[in-house]
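Step one of this worksheet: look at the structure below.
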Amino acid sequence: MNNNELIEKINKLRKEKNAIILAHYYQRPEIQDIADFIGDSLELSRIAQKSDADIIVFCGVRFMAETAKILNPTKKVLHPNPESGCPMADMATLEGVKKLKQEHPDAVVVSYINTNADVKTVSDVIVTSRNAVKVVKSLDAKKIIFVPDQFLGSYIARQVPEKEFILWKGFCPPHFNLSKETLLELKQRYPEAKIAVHPECNTDTVEIADFVGSTTQIIEYATTCDADTVIIGTEVGILHALKKKNPNKNYVFPQSADYCGTVHCCDMKKNTLDKVLEVLEKETNEIILPSEIIQKAVIPLERMLAVA
């Protein structure tokens with residue numbers, strides 16, 4: 001089947017089954033185009049919580065689909081490709097976080113939403129890159145265990161210097177591989193350009209940026225700032241949204257040191273139209289979580305949503 005035929009079948013099935021399709025900005029363009037909602041982790045968490053659909057098809061990596069299930073335990077959440085995982089989320093382990101809690105009993109565990117469900121169960125609050133600083137500032141605790149992204153944690157620590165941070169040594173491989181030198185070379189080629197990066201980038205890269213923010217915040221900044229050219233330091237999938245919002249600007253994506261070339265999350269690209277159709281037809285690849293995990297993991301998620 002060609003894409004038009006796939007899309008026609010997808011649209012028919014989602015109407016028949018009262019299903020919605022959620023897609024992260026890093027998904028393939030054709031996946032973003034069929035989605036009912038496109039967003040970053042925070043936006044999609046809110047939409048998932050408020051949805052009245054019977055079925056949620058989540059086009060993202062696994063922890064995102066798990067989050068949708070945790071917030072909607074009675075709904076059927078389908079993940080088009082179960083091989084679409086997050087290497088950074090897998091870097092944080094349940095036993096490792098428990099050990100840190102024992103070593104620092106006066107600390108609060110703040111987990112990035114990019115964690116697996118079991119780690120969320122031992123977290124005090126969840127954050128996204130968009131609301132992390134606000135949530136951490138709202139906490140009474142003076143000591144923070146931040147899991148799993150050391151670079152986002154370091155960025156938050158610089159914004160909230162009154163708190164002590166214990167950082168898990170995790171990272172996002174595509175963002176980590178984007179070097180300061182690469183951005184500076186692009187700046188020489190485009191001297192009038194602004195640089196916008198994600199806080200998952202390493203500290204040296206973040207420090208030379210004109211703007212640091214979440215995926216949605218980068219899209220807002222890049223499409224509305226006064227520069228005609230913006231160097232984008234995050235996953236190349238957001239180019240689709242950038243062009244839709246403001247096609248008159250020049251968006252430059254740097255080459256990364258990883259094997260994918262640009263800042264490119266190979267896992268995010270594993271969800272395809274044929275896989276979306278397959279899970280809608282067969283209702284396979286359902287996210288199943290034990291009720292105990294859901295009951296524990298929803299607490300820090302709801303704390304986040306209440307604050308931000």
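Note that the numbers count up from 1, one per residue, in the order the chain is shown.
From the backbone N, Cα and C atoms, a Cβ is placed for every residue, glycine too.
Iminosuccinate is bound by His24, Tyr112, Ile113, Asn114, Ser129, His198, Pro199, Glu200, Thr215 in Swiss-Prot, and the record lists one more residue there from Ser41, Ser154, Ser179, which is Ser41. Together with Cys172, Cys265, Swiss-Prot lists one candidate of Cys59, Cys86 for binding [4Fe-4S] cluster, that being Cys86. Non-local contacts of Cys265 ([4Fe-4S] cluster binding site) by the CB criterion (under 8 A, 6+ apart in sequence, same chain) comprise Tyr26, Val61, Pro174, Glu235, Gly237. Cβ neighbour count for Cys86 ([4Fe-4S] cluster binding site): 21 (other Cβ atoms within 10 Å of its Cβ, all protein chains included). Pairwise Cα distances among His24, Ser41, Tyr112, Ile113, Asn114, Ser129, His198, Pro199, Glu200, Thr215, the recorded iminosuccinate-binding residues, top out at 17 Å.
Nearest by CA distance to Cys86 ([4Fe-4S] cluster binding site), out of the binding-site residues His24, Tyr112, Asn114, His198, Glu200, is Asn114.
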